[in-house]
Amino acid sequence: MSSESLTVIVGLGKTGLSCAQFLAAKNQPFAVMDSREEPPEWENFIKTYPRVELIRGQFSEKLLNEAQEIILSPGVSLQEPLIAKQAAQGKSIIGDIELFARNVNKPIIAITGSNGKTTVTTVVGLMMKAAGRNVSVCGNIGEPVLEQITPEPDYYVLELSSFQLETTFSLRSQAATILNISEDHMNRYATLQDYLRAKQRIYTDCFIPIVNADEPEIWRHLPFNKKPLSFGLNNAADFSLAEHNQKTSIAYQGKILMPIQELKLNARHHLQNALAALALGTAAKIPIENMLHVLRDFSGIRHRCQWVRKYKEIDYYNDSKGTNVGATRAAIESLGQAAKGQLILIAGGQGKGADFSPLKDVVKRYVKQVILIGEDAPLLEKTLKEITVIKHADSMNEAVKRSTQAAKAGDIVLLSPACASFDMFTNYEHRGDVFTETVEAL
């Protein structure tokens, strides 16, 4: 195999397999490696590509040296020593989003942020459909982007993570946004500023930047070519909240669009998501009637502050997607404001090096007991033990049982871990499903 044209795919999960399929269809020579002995897609891969070199259980420096280009799966860090060495030598290191961007010509709406990106991506996709457009919603949500190139839709709505943006260079979007920033993935970034810089890449070749007026530190120093469209709860913004006839309403440049009571989800973070989706939809020229219709009907996404059931006048919420401090803080604040009683929080898992101290004030205000699970339970306990009652559980079943014992009528039991799930579960969906099944069995 000629190394002049060899591409090496690093990582063989869903993304890596989609890259292999894409390159094979283009007759591009490639090889694959994964540091895991049994990566998720290896059996599929060897059945489909028995003659393609696959290295498992380690990374091969020899093979990386032979590569003209390296495609890095988002789960593999650019700081991985052998990868960092290749980058230092000037080797082209890209991800699947870059491969996608090189091969599509349809308009793209691109969305990132620490919290809310899956919800906003989903809502903008629904707005497109309501306007009669053929849309593909993909990226860090749903199917890999390379599987969405054919047949080509009218529009792409992409959810993008910081890891995906780090290895993307050719993305041109009609509109792009960073919804918000809070500490996440600090096991992959030296500082919050490094994490923000990765996110800011989304604006690089964007026609209409969409910005959060409540977090100007994200965007104020960026050299935009066009005036941004803004959204915000607390500051003057194009899409904002306004008082009208003694009701809080969503407004666009001062014009009242709808009272927030018409929304099924109207806690603060839901309103921020709605305002961001309206700004993105406006940039994509979606009629306002279609957008408002979608917002009125939208009732949320599984594992994102999802109501599970009421049992003995206690409400149970599954926010397993709350994998970072910012998401859990937002969930506590919004449910705490709405609760008749207090919150019992189930939290813990793999903290990813995060600082848990931003949870202190909302826990003090709304949470009467925290049930801790998982690897970084001791770190959470150290942060919160002076503020509220702390209990530990060895399993989700035990956590639900303890939280139910601690709750009384009017209280809310909230699973919002502020941590990744991989120490105890396959992923955050699995964690949320186990919580939901346990609650439904009460």
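Cβ from N, Cα, C; glycine included.
Here is what Swiss-Prot records for this protein:
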type	residues	note
BINDING	Gly113, Ser114, Asn115, Gly116, Lys117, Thr118, Thr119	ATP binding site
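Within the same chain, residues at least 6 positions away in sequence whose Cβ sits under 8 Å from that of Thr119 (ATP binding site) are Asn273, Gly300, Ile301, Arg304.
Apart from the site residues Gly113, Ser114, Asn115, Gly116, Lys117, Thr118, Thr119, the chain places the Cβ of Ile111, Val120, Leu179, Asn180, Asn273, Ala327 no farther than 8 Å from the centroid of the site's Cβ atoms, the recorded ATP location. Within the group of binding-site residues (Ser114, Asn115, Thr118), the Cβ with the highest number of other Cβ atoms inside 10 Å belongs to Asn115. Annotation for Lys117 (ATP binding site): same-chain Cβ neighbours under 8 Å, separated by at least 6 residues, are Ile111, Asn140, Glu159, Leu160, Leu179. Cβ neighbour counts within 10 Å, taken over all protein chains shown, single out Gly113 as the most crowded of the binding-site residues Gly113, Gly116. A coil conformation is recorded for Gly113 (ATP binding site) in the three-state DSSP classification, outside any helix or strand.
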